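Over in TrEMBL, the protein carries these features:
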| type | residues | note |
| --- | --- | --- |
| BINDING | A:T65, A:P66, A:A67, A:G68, A:E69, A:G70, A:K71, A:T72 | ATP binding site |
There are 2 protein chains.
Amino acid sequence: MKTDVQIAQEAKMLYIDKIAEQLGIEKEDLFQYGHYMAKIEPVVYERLKDKKDGKLVLVTAISPTPAGEGKTTVNIGLSMGLNKIGKKAISALREPSLGPSFGVKGGAAGGGYAQVVPMTNINLHFTGDFHAITAANNLIAAMLDNHIHQGNEQQIDVRRVVWKRVLDMNDRALRQIVVGLGGVSNGYPREDGFDITVASEIMAILCLSNSLEEFKEKVSNIVIAYRRDKSPVFVKDINAQGAVTVLMKDAILPNLVQTLENTPAILHGGPFANIAHGCNSILATKYALKLADYTVTEAGFGADLGAEKFFDIKCRMGNLHPNAVVIVATIRALKHHGGVTKEDYDKENLDALRKGFENLKKHMENVAKFGVPSVVAINQFPTDTEGEIKLLKELVEKEGRKCILSQVFAKGGEGAVDLAKEVVRVCEEEESNFKPLYDVNDTIENKITTIAKEIYGAKDVIFTKEAKNSIKRIVENGMDKVPVCMAKTQYSLSDDPKLLGAPKDFELTVRNVRISNGAGFVVALTGDIMTMPGLPKVPAANNIDIKEDGEIVGLF
Amino acid sequence: MKTDVQIAQEAKMLYIDKIAEQLGIEKEDLFQYGHYMAKIEPVVYERLKDKKDGKLVLVTAISPTPAGEGKTTVNIGLSMGLNKIGKKAISALREPSLGPSFGVKGGAAGGGYAQVVPMTNINLHFTGDFHAITAANNLIAAMLDNHIHQGNEQQIDVRRVVWKRVLDMNDRALRQIVVGLGGVSNGYPREDGFDITVASEIMAILCLSNSLEEFKEKVSNIVIAYRRDKSPVFVKDINAQGAVTVLMKDAILPNLVQTLENTPAILHGGPFANIAHGCNSILATKYALKLADYTVTEAGFGADLGAEKFFDIKCRMGNLHPNAVVIVATIRALKHHGGVTKEDYDKENLDALRKGFENLKKHMENVAKFGVPSVVAINQFPTDTEGEIKLLKELVEKEGRKCILSQVFAKGGEGAVDLAKEVVRVCEEEESNFKPLYDVNDTIENKITTIAKEIYGAKDVIFTKEAKNSIKRIVENGMDKVPVCMAKTQYSLSDDPKLLGAPKDFELTVRNVRISNGAGFVVALTGDIMTMPGLPKVPAANNIDIKEDGEIVGLF
């Protein structure tokens, strides 16, 4: 089979105005970035705002493993499969981050015959959204330090500045730094650090805003520091929200591209899936719902994190009503959850599959708790045996849901026709009674405990002293009546990455709780979360190059 | 009169493909950014490469004063004036930097009825060039620190890292920092600092490359650090040039926009005018020369810095042959050079004008030394008296050149018809015998001394011990046979900003000399050069906002 790059380069792309035309969008209402990328102007949504929404389908997955699941690939394939059976569909995805493209693995947006294109541009600067976020984030930082330097009217405690700078780069040297050295004219020395851009609260806000006005309102409520008396200092206290919003006026518009089969795809936003909620923007999803019969969207990591945050944070804030959930698994990955290691992924092992199925089963049960019907999609590998496929189908069907094979990597949309049919059947025949898991007005402790017990299967939750103190402060500041964003390892349903399958009787430890008051959630930290990655010994960047004929190599 | 913003907002812009059509560029060969901005694809230049170049006109100015000269405004006005008299003209300008827009003055690109549009986008992210430079610059930094962290094969001396990170932001807290704190996993602690993006050597290289291949070659030769034995470490030693070039593949393409009168304008690149050469890109100028009869280009600061570097660095590296130079002055500014202060700018003062004329005269003489004929343009103010205008015309004509009034701020192209006619006359009737001032193969000391004596009027040049040592090192490394880029105050022909007019008998002190081996010049530092600005007490950002109807206020 051809490589992803070869396939992407051979794609017969349509001009983006032709893709838009399929959706009833006039060329005039696009802000084009070259021939194949465009932002959709707000007037398009304005015109359609009274139209009935299409169906909303979330593609999520089992707990990720080194064996690979292919969640994005199935998402893209499903949108193409829906088109094949006559349903107008849009894939709504996150934008890839530029920085990590130079790190371990290079860029990506799907794979095989289920990719979005133009791949190179999407993996480089795309439409500049992440650069705008970087600039907006760092403008707040510069204004904050300038405020302190110019007299500190707000009496900011330089030891309690919590707003960090960001770069879209894997750069470990910037994790922990001291700024403001060199004397009076350079301001006050203080400890600081850079996060990667996707970890910026501006990114989370971009993805959780229903309009530019709401975006500005949320930005103005970001907590950037505390005073000596521990009262919070907001962005509005240094009056940066207007300039930040101006910087973001284009970035907030959804980006239209296409799949290899010319199905429209909207890529917009890409918040971290641990300290943030890991979903594409509410606006992208809302635009897609107006423009298509079926919107196929995604959420980061496995369903315990991705789907839960999609439901409890994104759907709640966007007033979205998901109709179905596709849970992606591979037989290899389930065997991994059943104890098989890499060397043996390709060998039939029914016992391990049965054991690993517990992970899938738990995610299926979890999705049901939100009242949304699900479909299991098996992203098929050539090494999957007939016996394994048969067993898995039986196991899934015993739980009352359908298990559909998907071959989108090798066959594109054709490989997802069965899956598309089942998704349509579920959306048309089964009722979704979506409801969030918890009430935002409950206490932070209760909200966390509910998620831990109901979704993760924890026996109990332990709050460290630090976490308890933080919660106390958040409550005192009246910032606790918001959803909880869990920062937990994605590799296990528990907070221990080594516990595969569906662990039971474990205790979840909440080490600290932070407020993202602009985005509108509290973050519960259950482990060390790395918000600035580093480069590996041999970075992908070493092999990236452009040939004389313009061909780019090594990028993905 | 209306404000710049009002005028810009009332502009009747043409779609950018219509502007391109005027130049014979097909829509297909544009990479559009919305309806009004586009990059020009290399195929356009390829097709025209055997066509004869149009005329090249540099617009420069007297030594800048607080009274204002309006160099960019005259540049834009002249291009419109040339169009008015039937000459196809393009204005080739630098792109504005995003960061400083939030600082003291807000953004800008011309003024009054001589502006380029769409002003808001140009002053915000434009086509993302500066963001690409930021990413490329910081990728080198991340790879450098990663190289040290991962074993330091190149034996980089962490005390001798000279490559700094950049942000397009006025952020004084980042001028001097310590990175790599927090233990082993974050790398080696070392002193570091951020410059503003326009000060990045990547920016200088972008502007001095004739092709993407040459860009990559130059990037690979950047000196990023030294070893313990003081031998230089290059970008190619950490193999970052390929990835950097991929990041810059779009940024290197010239950007097409338009003036208020729909004259094509190419805005591309914007290097610092002190530690770099302060001109728009060679590629922008070369594209314009193929596309128009007249290319009107600019250079930063007054003619002592801007024009000298334009000739000795840009024209030399781009093999460009300028046909004429327009030296812009205002009567107010000349009176300032003659000793008048702000309160009295509006009062007639023939003596001060006569005295201040010495500054203009010196710049006229300097331009003549490069063999290029000049025209003096007086950017007229309503308060200029008839007596002053008459005197100035006499003074200029006594030096053998014409002095033409320009009223482009109030009248647009109509206000530059006389200027355009004189520029055309000079280009058609007078021969340009352009030659650079010095031989690159001369010693660094001699090259600097030649510029100081011939252009600045210095009596002598003093090299500090530090400068001498640096020169010795540069010579040892065989990097001295390149042009010199002078970093000197723009406010005086001397290195003392307080010496107005045309100072004589002064000594110029060279405090240090640095190599920009990628860009291909040595930088002679004659004072403290600020490469990371700070924000003022009340930053412009405090007043920038977007209204509910989408109108942006406070940006310029």
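Quick reminder: no glycine exception, Cβ is built from N, Cα and C everywhere.
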Q. Whose Cβ, among the binding-site residues A:P66, A:G68, A:G70, has more other Cβ atoms within 10 Å than any of the rest?
A. A:G70
**Q.** CB within-chain contacts under 8 A for A:A67 (ATP binding site), separation at least 6
**A.** A:T330, A:R332, A:A333, A:K335, A:H336, A:K342, A:Y345
Q.
Through the lens of DSSP with three states only, how would you label A:E69 (ATP binding site)?
A. coil
Q | A:T72 (ATP binding site) CB neighbourhood, other CB atoms within 10 A | A | 23
Q: Tell me the Cβ contacts of A:T65 (ATP binding site) under 8 Å, same chain only and six or more apart in sequence, or just say none.
A: A:R332, A:A333, A:H336, A:H337, A:Y491, A:L500
Q. If one looks at the chain holding A:E69 (ATP binding site), which residues at least 6 apart in sequence have a CB under 8 angstroms from its CB?
A. A:A61, A:I62, A:V328, A:A329, A:T330, A:A333, A:N379
Q.
Below 8 Å Cβ to Cβ and six or more residues apart, same chain only. Which residues does that give for A:K71 (ATP binding site)?
A. A:V59, A:T60, A:A61, A:E298, A:V328
